[in-house]
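Features of the protein shown, as given by TrEMBL:
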BINDING   Asn7, Glu379  Mg(2+) binding site
BINDING   Lys14, His198, Leu199, Gly200, Asn201, Gly202, Asp273, Met274, Arg275, Gly321, Ile322, Gly323, Glu324, Asn325  ATP binding site
BINDING   Arg81  substrate binding site
ACT_SITE  Asp138  active site, proton donor/acceptor
SITE      His170  site 'Transition state stabilizer'
SITE      Arg231  site 'Transition state stabilizer'
Amino acid sequence: MNILTLNAGSSSLKAALLDAATGRTLFDMTAERLLDAPVLQFSDGTTIELESKGPERAIAVCLEALADKLKDHQVDGVAHRVVHGGEAFDRAVRITEEVEATIESLIPLAPLHNPVNLKGIRVAKDVFPDVDHFAVFDTAFHQSLPTRAKTYALPKALAKKYGIRRYGFHGTSHKYVAATAAAFLGAEPSDLRIISCHLGNGCSVTAIEYGRSIETSMGMTPLEGLAMGTRSGDIDPSIIAYLNREAGLNPQEIDDILNKKSGLLGMSGISNDMRAILDASTQGNADAQLAVQVFTHRLRKYIGAYAAIMGGVDAIVFTGGIGENSPIIRHRVAQRLDYLGAVIYEDFNNSVELSDTHPVAEFNMRHSRVKLLAVRTNEQLAMARECARLIQKEDSVNTLPTIPVAISARHIHLRQETVDALFGKGHELRVKKWLSQPGQFAAEETVTVVGPRNQIERVRVLGPVRTVDQLEISRTDEFFLGIDAPVRESGKVDNTPGCRIIGTAGSYDLEDGVICAWRHIHMTPQDAEVFAVQDRDVVEVTVGSGERALTFGNVLIRVSPKYKLEMHIDTDEGNAAEINSGDEGVLSETSGLGVLVKRRVG
Ligand code: ADP
């Protein structure tokens with residue numbers, strides 16, 4: 001399937017026709033100087049210089065020239081890069097009038113980007129009228145940010161009224177390089193904690209915990225976070241009022257300084273191009289040297305912070321023009337990370353040479369627990385694949401069975417040693433009630449769970465005994481007990497908090513094992529085939545219908561011959577959605593890094 005990807009910026013337009021299946025680029029065009037006299041370069045070696053037609057017509061003349069070049073190629077769909085998807089889009093979508101209107105409504109959040117993205121869409125629909133158009137959002141991958149990560153500490157009503165929250169950008173690239181890194185390591189993204197550093201003209205770093213973006217350095221706009229080519233990244237927000245008061249600059253001028261005249265360019269006074277900065281720094285230019293130091297220091301700070309948030313890291317990925325090509329920047333960022341378990345191998349770092357056939361290089365010591373990887377990003381291919389999947393999905397009308405929903409109250413799984421400590425040596429758990437999952441039972445035994453703030457009595461023990469202790473509580477329980485428990489799948493208790501539990505014969509201090517269970521669906525391998533999903537995929541499920549329909553994102557698939565088809569949510573979620581055990585859900589779509597499954601229609 002051939003997909004034309006378009007990236008319309010304020011002064012340039014990039015287009016590429018890709019075969020989504022093979023990843024091969026069939027044709028591409030770069031148009032620069034859109035606002036003056038556009039210069040178009042094509043992959044067939046030709047260049048066209050157009051006379052200025054004014055900014056209104058610039059995109060149209062470029063796309064008309066492109067369409068002429070593509071007249072002998074098949075184009076099955078057009079994928080448009082859109083910078084800001086706001087709250088509205090957590091994935092790529094087919095462009096309808098409603099989608100266009102929503103992108104337009106988000107212009108206040110991205111005044112530099114969304115208008116030109118939208119213009120690209122509208123012009124391309126005229127120039128390529130016979131194919132469907134799709135929008136791929138830079139923000140979509142970060143819609144999984146937990147509330148604590150996306151919330152600015154501002155007055156709630158003000159933030160809500162103006163949509164002020166952290167959205168994150170470069171999502172297509174972060175998602176793509178995380179998946180590429182995981183494949184290189186022979187793992188699933190859902191097995192890894194990855195810190196991905198996208199270092200191009202714009203720079204951002206993302207913490208991807210078991211396949212989901214849970215923290216990212218860009219915020220409501222792409223200005224927050226790392227020092228970039230021309231953007232300042234993090235500054236004390238008071239500087240803005242100070243510049244206004246003391247330097248007499250108005251908001252527009254300050255915005256301009258922070259977005260276009262700061263970063264590497266501002267600090268060095270030389271260039272926004274890292275190559276020029278590095279050259280000047282080796283020749284002894286002190287401003288360029290400082291620019292390099294600020295750039296790498298800031299990134300090291302974020303890496304440490306993100307490792308802390310995830311309780312560790314398995315791979316640190318460098319991508320984008322700088323991340324892929326600059327050994328000295330990778331060295332400055334990744335040295336002395338031994339305390340994290342990441343040990344750089346300088347020879348490998350210096351000889352990294354990425355290409356289409358070798359898109360990943362590892363540059364850590366063999367004994368390094370954390371992998372250091374340079375990964376070639378390919379946002380165009382990622383866009384083309386998303387778009388091809390949407391086209392294929394549309395063709396697949398099917399009738400998937402519904403999924404029973406069960407609400408899991410707080411409960412605890414215990415090892416035999418812990419049962420001994422709580423209920424007496426050799427005690428065997430007694431069956432009170434068999435549960436729907438074969439072999440699982442609610443035991444007669446209950447425990448008291450003691451947290452730093454409060455305790456909860458009569459927490460049900462589930463049997464049979466397991467190899468790890470694990471207490472599963474809801475968010476409400478967490479705050480009541482005073483424990484900060486991460487959302488985890490069952491069994492993944494590394495770096496989780498513990499607590500004290502009390503039984504009839506004694507008490508026991510859990511070192512770890514307290515989690516908020518990640519909402520999940522149990523199914524057999526046969527069910528998995530029917531739903532076209534695999535173990536550990538992340539899907540979306542719609543429960544109920546009509547006005548009461550509620551969609552749960554981020555639902556983990558667990559496949560085992562021992563399971564019975566059932567979705568488990570916790571009491572908080574059940575209450576919020578007015579769901580009772582016995583309601584039924586419909587698998588609507590996968591998200592995150594999982595594969596895409598068919599949509600149920602009708
Ligand atoms: P964009 O964000 O526009 O996609 P890129 O990902 O192409 O940008 O990255 C551009 C940046 O990469 C520029 O700062 C450029 O100097 C830098 N870069 C490219 N090659 C090298 C290199 N060999 N060494 C250092 N920096 C490089």
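In case you wondered, yes, glycine gets a Cβ from its N, Cα and C as well.
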Could you tell me which three-state DSSP class Leu199 (ATP binding site) falls into? strand
Three-state secondary structure, which DSSP defines for Arg275 (ATP binding site): helix
The answer, for which of the binding-site residues Asn7, Asn201 has its Cβ ringed by the most other Cβ atoms inside 10 Å, is Asn7
Just to be sure I understand the packing, how many Cβ atoms besides its own are within 10 Å of the Cβ of His170 (site 'Transition state stabilizer')? 30
Under a threshold of 6 Å between Cβ and any atom of ligand 1, which of the binding-site residues Asn7, Asp273, Arg275 are retained? Asp273, Arg275
Asp138, His170, Glu379 screened against Lys14 (ATP binding site), Cα within 10 Å - retained recorded positions: none
Just how many other Cβ atoms lie inside 10 Å of the Cβ on Asp138 (active site, proton donor/acceptor)? 27
Of Asp273, Glu324, Glu379, which of the binding-site residues has the most Cβ neighbours inside 10 Å? Glu379
Compare the Cα of Arg275 (ATP binding site) against each of the recorded positions Arg81, Asp138, Arg231 and report the nearest. Arg231
Of the recorded positions Asn7, Leu199, Asn201, Arg231, Ile322, which sits closest to the residue listed as 'active site, proton donor/acceptor' by Cα distance? Asn7
Alpha-carbon spacing, Glu324 (ATP binding site) to Arg231 (site 'Transition state stabilizer'), which is rounded to whole Å: 20
Under DSSP, is Ile322 (ATP binding site) part of a helix or a strand, or is it coil? helix
May I ask for the distance between Arg81 (substrate binding site) and Ile322 (ATP binding site), taken between their Cα atoms and rounded to an integer number of Å? 22
Quick one: of the binding-site residues Leu199, Asn201, Asp273, which has its CA closest to the CA of Asn7 (Mg(2+) binding site)? Asn201
